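As given in TrEMBL:
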{"type": "DOMAIN", "residues": "33-99", "note": "domain 'P-type ATPase N-terminal'"}
{"type": "TRANSMEM", "residues": "93-111", "note": "transmembrane segment"}
{"type": "TRANSMEM", "residues": "294-316", "note": "transmembrane segment"}
{"type": "TRANSMEM", "residues": "336-362", "note": "transmembrane segment"}
{"type": "BINDING", "residues": "410, 412, 833, 837", "note": "Mg(2+) binding site"}
{"type": "ACT_SITE", "residues": "410", "note": "active site, 4-aspartylphosphate intermediate"}
{"type": "DOMAIN", "residues": "859-1113", "note": "domain 'P-type ATPase C-terminal'"}
{"type": "TRANSMEM", "residues": "890-911", "note": "transmembrane segment"}
{"type": "TRANSMEM", "residues": "923-943", "note": "transmembrane segment"}
{"type": "TRANSMEM", "residues": "973-999", "note": "transmembrane segment"}
{"type": "TRANSMEM", "residues": "1011-1030", "note": "transmembrane segment"}
{"type": "TRANSMEM", "residues": "1042-1064", "note": "transmembrane segment"}
{"type": "TRANSMEM", "residues": "1084-1106", "note": "transmembrane segment"}
{"type": "COMPBIAS", "residues": "1169-1182", "note": "compositional bias 'Low complexity'"}
């Protein structure tokens, strides 16, 4: 335990790492667990069920936090300086000039770390104190989760979370079955079935029998494989094999099962959920990395200045200083010129230390914290239906949000709502679902469109909405084919019904598609009410009808269809089938040609709207033919070899000559604003890749719905090869089509900087006018990610406008993100809502979690979270761009003012005999960065805006400078430091030259050192205050208060430190009485300050004016446009969703698991029928002032006109998106 505790103290780790062994702990080869025997199990030192993510406690916080903080170079550097200042021979400054800012920085950082860790403790406590029923000493007792141990037997009840990894022993369901939802583990919301061993299921809920159970499990050691478990149960001299189908994993939720008992196999950090969490990567922004490099450069520059001044001191001591030695009252001459230079070197390192800004890091953290609060407080990212605000879960990545080039998005629950809605259908050649006005024109369906009245059906689902009343009229007129259509939907499925109260039906569906179809049939009068292994009971228009279920021809990915064979009450044999239209049409009777042609047109129309479709068909079976077929089926189902192939052939045999009924169209509802958000982010030069576990057809449907795929694209490449050679050939073919056979670029550039990369690869990518899309399957992606193919994959993908990866595993999602990070050196963002997205979120530079339908694992692992995908647009284009702009301006100004402040000492060294004498008073040195200039720069870094949020969203191209690192890079650093050097030169030499011959008003000389220091320090404070005023684009009351307040505070402290009163109290610390008063009451001093300020500021003003006038940036142009239209008030963008028209055949959309039909017909998952399903409810349940612009530039007028057109017409058509009115085009007008 001591070793484990020490390991947790290692800085940078969020507590104990669950994916690694304890130091000193032997590698566990197999696990031995004995039920109800804690003494036996404790011998193995298995992990308890406590979760710990916090880093500190009350006793360890101070030492560990200080240790972590002093690992930062700047803090350690200033600690060394503090020690040097305690050596009298080399220190010309008091120790408090360093310790005051150092303690302030350490204290602020410690408070922040303590606050973060407090919330981690709170979260740990919330999980660890959940209650669970544990069998202890023959009785069920409520215990906290953290007190659960390996070998305990736990009772779970319906809708409870599983506390640890359990071996299922028994349940309330027949045959020891139970149903679980695994959204926290794999992101899937459909139910999964687990079954206990027969020998343990007999234990039931008999507490005495369970208490006497002493079976021993020998199994695999803890690992992160969610879909695999291998073990053996030894009980009563028998062995029973165990697999994953008998395990309930931590994070699952028990559903549709009254109770179950389980034996704890893995607990706490050794559960498969925690083993999959991996080590949380510490994410740093590119600006962070650049800052560390620049601080090292500054330190090197400081060393160089120290060496120059030390050499100067050595020469001065030899040439000049030796002449003065005889006047010094030294008892013996114990110093020579070289040693004097050595001491001077360290003295100047101390004096010039402020060139390495100690307050830089804490100021950056304060800014990031403020930017995070702005995200949290943004009401336009608040989702009221679920009371979910946006949340910045980290404070270290805000400016990186302004530099994103690639977005990797999950599909289900992220782009879509993961809610399937029965939208339209085609029955016997007629479509239903559209709404027409009195003139026969189709009307767009909105929230205000009246819904069909289903009050005739007491068992209706009140949440179901349908707008075409003609379909209800057809049902009421008892049209045979319409009734057969819904009868098929009510019979051909694998759904399990649950009736909690009279008439309150809940369907437990393997896939949301099936749930939507059966719910539609329910509302139209064909209610699926109950089932047994042999029967299905429907309520058809209020009448109970029981069908005999003879066979289920199950779904698989090859068949792409499922069928049922039933006998109706009249004794007729019917086969009902639903599946992909491309598969089902090949098995229709030739007499259906005309109807098939009409239905195909309807399917194309549905596909054009991005709907998921199924074709429906039926067949009347002959009794003799069916009996013969059943004999073959029985024989094939018991075959030991090639069973699947034989069953498939028999299914194929009977599914011939069917009659077409029609087709269904289901909408996998997109989240609001998804197409508009994707289009806007694309205009910001952000590439969006969709990484989904769904199959190819489903992913393509969503691609078309989001307008990521369009019919007018030049080519959609589908990579589906099963071998490395096939995938390589498909990728090469795609690349040749895009670039031509002679183009073979994009293979180098890993050592190029950002600008060079964009001047080669990315520029060529942008010259490709044609639009292409790449869709790659999971098995093909596995080959494409191999070392010899990954480069061509990156090349082809980056040349395509849209990339969709389907059937990908969570690991493959992370590998794709890592591939782009490695080859493109671009900032990546991953967004998802399920636990299967966690690895992708952790791998990307920025992880965003959607708090949606699939649990909270993605949110917990994310850096930012919100409820809707559309908020990503505002997060990046507003908050991200502002944060990047503010941070860059802050850093440029910070380095400028520190160089201007510090290098005055360097120039003074040449005139004071390199004696390490300071120009400023030591209190001024102490207070300059933490009092006089700290708040104005923080105000600018927190509140500045180059353009407002409306223009940030309306002109996505403004996002481009962040992607190119244009606002702060090495060149910008050299520019601002050069400005600081020049300012320091002017600050020193103008007063120095003026004071050479200046006199006071009374004729006395003014050139004493303290008057000189007051003049320079006052000039410096005024110059940097004026400079920050020039750098500020957006003035608030806070900016005014901080700038003017800082100047007032400076003069107040200056006069106070030179006052008689403070001299009386501290005569040794403040000996210069009246210096400030005597200096600043002279006109010549104020003239010198004015001249210094003008000479420092005017060159920069002139350069900026000329640059903005002759070479305006996009931001300059939009800012001028904003000023020109400010009086008109903000104008809202009216984006409207553009309905897509397409001739593309929609794909099969059906996603439940293979083998579920066999489980139904076996009867193992059936509950004991209750009397509530045999009666029909008798009564229906209750329903619930304009100004004109003074700017005359023609391009401003043109832009205003184009802007108005955009607002009036809504979002542009896809063909016009590339013609977005950009400020780059304005000059041409």
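We count from 1, first residue shown onward.
Placed from the backbone N, Cα and C atoms, the Cβ positions cover glycine too.
Per DSSP, the secondary structure of the domain 'P-type ATPase N-terminal' (33-99) breaks down as 31 helix, 2 strand, 34 coil. Of all Cβ atoms in the shown protein chains, 27 besides its own fall within 10 Å of the Cβ of residue 412 (Mg(2+) binding site). Long-range contacts of the transmembrane segment (294-316) within its own chain (CB-CB distance under 8 A, at least 6 residues past either end) are made by residues 73-74, 77, 337-338, 340-342, 344-346, 348-349, 352-353, 355-356, 360, 895, 906, 909-910, 913-916, 970, 973. Within 10 Å of its Cβ, the residue among the binding-site residues 410, 837 with the fewest other Cβ atoms is 410.
Taking all protein chains in view, 32 other C-beta atoms sit within 10 angstroms of the C-beta of residue 833 (Mg(2+) binding site). Mean pLDDT for the domain 'P-type ATPase N-terminal' (33-99) in this predicted model: 81.
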